[in-house]
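Novice: Just dropping this structure here.
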């Protein structure tokens, strides 16, 4: 459907020449036929599963490649961006020269020239005042399918005068042979130019680079306008009460916000402005490893026609083995948000959040399943962003390792972490919001805290019973822990009880406390950061 009659001439403006044909904003039926075309080879080819969803493989790139991320350093970004080569903070915002950018752009536009291309126009951001109009250009049908699922699909009327604010050119099939001379990490690249407002992708087929690329852009633009930009899921209760769930990949954002008792706003990326919380996306990107119909029925039932599975094992009879992590632990599915029945309609936005939940998967088994945070502890734990990096969401990670990721999303932050903390705190104070730290990870038994217990904890937060519960303080971390909660095994609330002896917990807790203190040193170069030290662990 060529609503705005995009022509090869239009693509010439981006340096893409001699385009054979443009498949503009293809329907799901068109994408289905394109992906299953028997003439396709390699990673372009989709496989039909018995659930109705198409499955694709993304090759060796089964997660993002943060070491291959670059941003052009110019007058727009020089003094605003959080650069990897400045300050104490560790991040992936490596500077790129204008010359190298032009070389990468030439590679991608050459790759896309002379081809039959898929062009998808979509929105990033459910708030019309601040959303980005994004044009995605790719030669691969399933990549067009991915962005159609994940971003907000414009109406026919909105497409008539669609003018892109940002262009994403995906040249997954091309690589950069001159990477060594240019001082880059590898032949693959995910590069941004915030002056030209273009993202380039080369070498990696992973769909998540397009999703998280736009998240990085929103993370640059919104906080500068005083709008919180958050790596979180969000939902709303029957009384209009909004909760947001911060957390890194695999900590439970999608699972815990997909709740039959509450309507989903979104599962991963949100803004918080003067009107309330709004989704950046039009879809969900759920992990499927060990997915079961019983434990996560909403996500399981969302995997049907128009959903797109990534890197799962499909048996000869078309059934999916969700337990098989042989390709990667980071198996995924993208689906349009309306595949979940219980969502906020027609626009994925709601009022101001009153509950802010920080999800962590503690591989040490030290932190309690839930604690109520003071205002200073809220800032401390937001800036710390502690979790265990779970297997598979980045290449080369197979065992859980502790990690600190500022604002529970350092990989996607374009500004200094304190800028996100300042905006979030202002929004929380204005809304009278309360924060909680929820450990969805392990305890002294060596087992992961069950989804059943975690869901009961979330229920207690959302219905207010946790705020009324009697609490005690956990030593070292000074966290307020409830003595009992409805539906939760009381023995697990105090993590010390899950160890053979309190000394075992003390030993592990001391080791983790040291890591927290070392990590937070990077924020102590400002008076505001120094003031927060007392909100962290004390040895």
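Using the three backbone atoms N, Cα and C, a Cβ is placed for every residue, glycine included.
The substrate binding site annotation in Swiss-Prot covers 64, 206, 212, 332. The ATP binding site annotation in Swiss-Prot covers 212, 231, 247-255, 296, 332, 448-449, 454 and rests on sequence analysis. According to Swiss-Prot, the feature Mn(2+) binding site maps to 212, 231, 268.
Describe the structural context of each listed feature in the structure shown, including burial, neighbouring residues and relevant distances.
Specialist: Spatially close to residue 206 (substrate binding site) yet at least six residues away along the chain are 58, 61, 62, 63, 64, 65, judged by Cβ distances under 8 angstroms.
When Cβ atoms from all protein chains are considered, those within 10 Å of residue 251 (ATP binding site) total 24, not counting its own.
Under DSSP, residue 231 (Mn(2+) binding site) is assigned to a strand (E or B) in the three-state scheme.
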Novice: Whole-number Å only: compute the distance from the Cα of residue 332 (substrate binding site) to the Cα of residue 249 (ATP binding site).
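Specialist: Residue 249 (ATP binding site) has its Cα 11 Å from the Cα of residue 332 (substrate binding site).
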Novice: Between residue 251 (ATP binding site) and residue 268 (Mn(2+) binding site), how many Å separate their Cα atoms?
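Specialist: Taking the Cα atoms only, residue 251 (ATP binding site) lies 11 Å from residue 268 (Mn(2+) binding site).
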Novice: State the Cα to Cα distance, in Å, between residue 212 (substrate binding site) and residue 231 (Mn(2+) binding site), rounded to an integer.
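Specialist: With distance taken Cα to Cα, residue 231 (Mn(2+) binding site) is 10 Å from residue 212 (substrate binding site).
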Novice: Under DSSP, is residue 247 (ATP binding site) part of a helix or a strand, or is it coil?
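Specialist: Where residue 247 (ATP binding site) sits, the three-state DSSP reduction gives coil.
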Novice: Hey, how far is residue 255 (ATP binding site) from residue 268 (Mn(2+) binding site), Cα to Cα, in Å?
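Specialist: Here the two Cα atoms are 11 Å apart.
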Novice: For residue 247 (ATP binding site) and residue 268 (Mn(2+) binding site), determine the Cα separation and express it in whole Å.
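Specialist: It is 9 Å, counting Cα to Cα.
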